[in-house]
Amino acid sequence: VPGFGLALNLQPSVIIIGKYFLKRRPIANGLAMAGSPVMLCTLAPLNQFLFDNFGWRGSFLILGAILLNCCVAGALFRPIGAATTSVKTQAIEERKDALKEEVTKDAMEMSSPMNAPMETKTEEEGGKDCCEKINQYLDFSLFKHRGFLIYLIGNVLMFLGFFAPIVFLAPYAKHIGIDEYSAAFLLSILAIVDMIARPTTGIVANSKWVRPRIQYFFSFSIAFNGACHLLCPLASGYTGLVIYSVFFGLAFGMVCAMLFETLMDLVGAARFTSAVGLVTIAECCTILLGPPIGGTLIDTFGDYKYMFIKCGAVMVLAGTFLFIMNYYNYHMLAKEEKERKAKEEDPKSVRTENEGRNNWNKETIRDGPELQPLREEREGLKKEVNGT
């Protein structure tokens, strides 16, 4: 039930930010995402206080009441350009209705041999309408989008090692002999740094030097996150774990701030809703598998360092993959854009294309079966004139 509620809460908030902001969207995403670590660094002491005074049932009731304030936040949002959209939709519907009436009238006037193709055409149109309705909610054509596939593969790989270090950070500190309260404070350090890192990353990502190539910045953030985990086993004392928590909080905040911004940069605002849904469905498996795999490594070897090495290696691999494939994607996009401009600037190709289109139209008009009655009438008139 909380998982379902989280999905209904998180996904619309991310999508709505993209609808409201364009020019400063990375900053808006960074600021919005900064709310999560603010609660993370205060939730542990708040939970303890509520549990001591109200018990676990009372604690859940109070936390649920706090979370219900998201309904108030959601109620403050309003659709952008709703009036214009409704007018356009009404005009399109009117055109469709008029077109359907004309098609129906023509079909009734046609003879029985011509009815079969019309029925087939109507069935095909019905199938297309059904596919269009499905694509309104989940646009499966995104799986043909090169940038989306690169993002999806990289993120699915990344999430194998993204959350496990947070889960096992405090237990690892206790394992090497640090007391319980100091171990819990490591998460607060991580959250405080994360809180500062997210909006700062949004400001950097919105700059004119970074935003045109934001995918490279995202790849670097993932690889940097992985490098922190690979170096974590070198921390033998509390000071080393504090330094690790600072760098981990910085890297974690960088990735979270750009996680959805990079997706919108690839697919655009119009297809972003479907893209978020499809990515979330694919990522759920690796998010669920990451911590259990880490726990299995700890149980097998009796040491936490193998879990951190696994997470670090996976994230460095994901960051490297995204960097190389995004370089390839940017290169191909530049090449396609160059070819398109060359085709537009070449007058010969434009003229040839126009001539071909005109010839096709002439042949269609000349050979079209729907104009057979007109041709017969014209031939009859010619014969009458010749006879006179």
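Yeah, the Cβs are placed from backbone N, Cα and C, and that goes for glycine too.
Bear in mind that the values here come from a model prediction, so they are computed numbers and not experimental data.
What TrEMBL lists as compositional bias 'Basic and acidic residues' is 338-356, 363-388. Under the heading domain 'Major facilitator superfamily (MFS) profile', TrEMBL lists 147-388. Per TrEMBL, the feature region 'Disordered' maps to 338-388. Annotation comment: TrEMBL describes 27-46, 58-77, 148-169, 181-197, 217-236, 242-260, 272-294, 306-328 as transmembrane segment.
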* Hey, does the transmembrane segment (58-77) touch the transmembrane segment (242-260), meaning at least 3 C-beta pairs closer than 8 angstroms, sequence gap 6 or more? -> no
* **Contact between the transmembrane segment (217-236) and the transmembrane segment (27-46) (at least 3 Cβ pairs under 8 Å, separation 6+)** => no
* To do: Please check if the transmembrane segment (181-197) comes into contact with the transmembrane segment (306-328), where contact means 3 or more CB pairs closer than 8 Å and the residues in each pair are separated by 6 or more positions.
  => no
* **Intrachain residues whose Cβ lies under 8 Å of the transmembrane segment (58-77), provided they are six or more past its termini** => 5, 9, 12-13, 16, 47, 50-51
